[in-house]
């Protein structure tokens with residue numbers, strides 16, 4: 001028979017009824033495991049329970065009844081006292097109150113063998129454990145709050161072959177179904193760790209972000225934090241100067257209600273050292289944001305809880321990112337990262353809002369335009385960034401196919417045409433050679449003398465090409481505008497020419513150049529505009545192009561008969577103020593500022609100006625009416641209404657041009673030349 005002190009729980013002989021049965025289950029009402037090991041035992045034949053946990057020891061027949069207090073069965077303890085500490089013998093029983101339930105180990109196997117009782121207490125259950133080594137109340141490596149430096153027990157006297165004392169890293173050994181751990185500190189015992197939500201927010205998985213880098217939480221700022229990778233530096237995106245400039249341009253256009261083409265040069269000049277590529281990108285974004293403004297705002301509002309609460313500067317910045325997501329096809333990470341930086345640039349405290357909204361926008365952009373354009377006019381209008389009312393009107397006047405073509409072409413980049421000034425250039429080959437050496441071909445435009453398409457518009461920034469503009473030899477003018485000037489220019493020498501709505505003088509210069517080609521000299525001309533500053537600009541420009549026969553006049557085109565005698569001009573050009581719908585590529589802000597009432601009001605003004613202009617034409621002279629819109633109400637209907645008047649009966653139509661807008665073609669204009677027959 002083996003001594004129980006050396007064998008622990010392994011006894012020879014038959015176990016007590018309900019006791020440990022070498023793997024057999026404990027069933028029925030016999031003592032055993034019915035109540036958490038407190039009612040049954042591992043009893044030997046002789047009832048020796050040395051080294052057993054008190055909760056696992058059953059009573060022998062004749063023992064005193066358990067009093068319900070902690071500490072086991074003791075006759076000599078105080079009524080309210082607790083049992084002393086006991087040695088545990090090694091056991092291969094799985095158990096313990098710590099560790100995962102699926103794989104926790106019994107900590108009795110790590111205890112030192114029992115020794116002498118320091119306090120002299122002895123019983124049939126064995127001597128009380130002394131205070132040598134670590135007390136039960138001491139910190140164990142598997143305790144929930146154990147420090148990382150806590151070491152496991154080393155079993156003294158255990159010399160089993162191949163045995164290696166376990167340390168505190170008992171969960172570091174790889175197991176068959178192990179998964180990568182997410183917590184920073186090694187976990188030992190206790191409940192399973194819950195993932196720290198703050199850690200999840202601040203240090204997301206590398207593959208959870210678009211570019212694979214960690215993100216920072218703007219709500220907590222950009223302080224230095226220590227993650228599982230130690231003091232790894234945060235990536236600080238550098239704000240693109242092009243996006244800064246584009247945002248500044250948008251703010252300037254909004255605050256001044258100005259044309260974007262007029263604002264761009266001044267704003268770009270404030271960003272010193274900007275590369276040509278950044279300048280071009282800023283221009284593209286600024287013009288694109290202006291052209292798609294209403295659609296961008298609708299999209300931004302979809303992703304905001306309170307759209308009316310957002311300040312204007314923040315909206316300007318969000319528009320830049322929204323345009324990149326919807327119409328430039330930029331990668332999400334670029335638009336989001338730069339968008340957050342851009343918002344922080346204009347409103348440092350709005351970084352958290354920007355981060356949340358931009359990420360939501362990046363997801364929402366994948367569903368844009370939120371429907372099928374071929375099945376819904378509203379979706380078609382949204383996809384082309386047109387107001388719904390405007391898309392409906394275009395469809396009613398042009399048909400669906402032509403209206404769709406027009407809207408798509410309005411969003412394309414406008415081609416660049418130049419006009420060669422015949423006053424200073426006798427042979428256009430001189431200009432063609434300079435452009436060719438600079439890196440661009442010049443393609444002549446059919447039926448428009450002196451007009452050329454610049455194949456590579458980038459050469460306009462080169463010094464040798466800029467010199468041509470400074471010398472007054474060429475100027476930028478759309479092919480359709482040059483065609484209008486060619487239609488209005490007389491084919492013979494005249495005494496006086498009246499231009500109404502001269503603006504900054506582009507058509508004025510082209511007209512005089514055509515006159516030199518037609519009859520060898522410039523025409524005496526009066527150029528009228530109702531803006532005084534434009535008249536001043538015109539005077540300087542025409543002088544630079546070698547024209548001395550133009551007299552600028554500030555006047556209202558509807559009251560000319562009160563300022564000058566009637567029937568005093570051989571030819572009159574009325575470049576009427578209009579909705580400008582044919583020039584959306586060059587004036588993108590028009591579509592979102594224009595209303596249906598504006599179109600009707602302009603048509604009335606145009607008719608009044610046409611009647612007044614007709615009074616200035618000599619009998620036998622010519623009158624040209626021109627617009628840069630596509631609405632019939634401003635074009636054909638105005639001419640028809642004029643011809644039905646008493647004065648209009650004296651005119652007959654001679655010719656007209658009406659170029660349609662295409663993606664690679666010139667702007668859409670309308671012009672009719674009328675001759676006064678009496």
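Backbone N, Cα and C define each Cβ position, glycine as well.
Database features, via TrEMBL:
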ACT_SITE  628  active site, nucleophile
BINDING   529, 556, 575  S-adenosyl-L-methionine binding site
COMPBIAS  29-44  compositional bias 'Gly residues'
COMPBIAS  45-79  compositional bias 'Basic and acidic residues'
COMPBIAS  100-184  compositional bias 'Basic and acidic residues'
COMPBIAS  191-232  compositional bias 'Basic and acidic residues'
DOMAIN    406-678  domain 'SAM-dependent MTase RsmB/NOP-type'
REGION    1-243  region 'Disordered'
Which of 529, 556, 575, the listed binding-site residues, has fewest other Cβ atoms within 10 Å: 556
Helix, strand or coil at residue 556 (S-adenosyl-L-methionine binding site) [DSSP, three-state]: coil
Long-range Cβ environment of residue 628 (active site, nucleophile), under 8 Å and at least 6 residues apart: 480, 481, 578, 580, 581, 582, 583, 667, 668, 669, 670
For the domain 'SAM-dependent MTase RsmB/NOP-type' (406-678), the mean pLDDT of the predicted model: 96
Other residues, Cβ within 8 Å of 529, 556, 575 Cβ centroid (S-adenosyl-L-methionine site): 500, 501, 502, 503, 528, 530, 531, 555, 557, 577
Secondary structure at the residue listed as 'active site, nucleophile', reduced by DSSP to three states: coil
DSSP-derived class (H/G/I helix, E/B strand, else coil) of residue 529 (S-adenosyl-L-methionine binding site): strand
Largest CA-to-CA spread of S-adenosyl-L-methionine binders 529, 556, 575, angstrom: 13
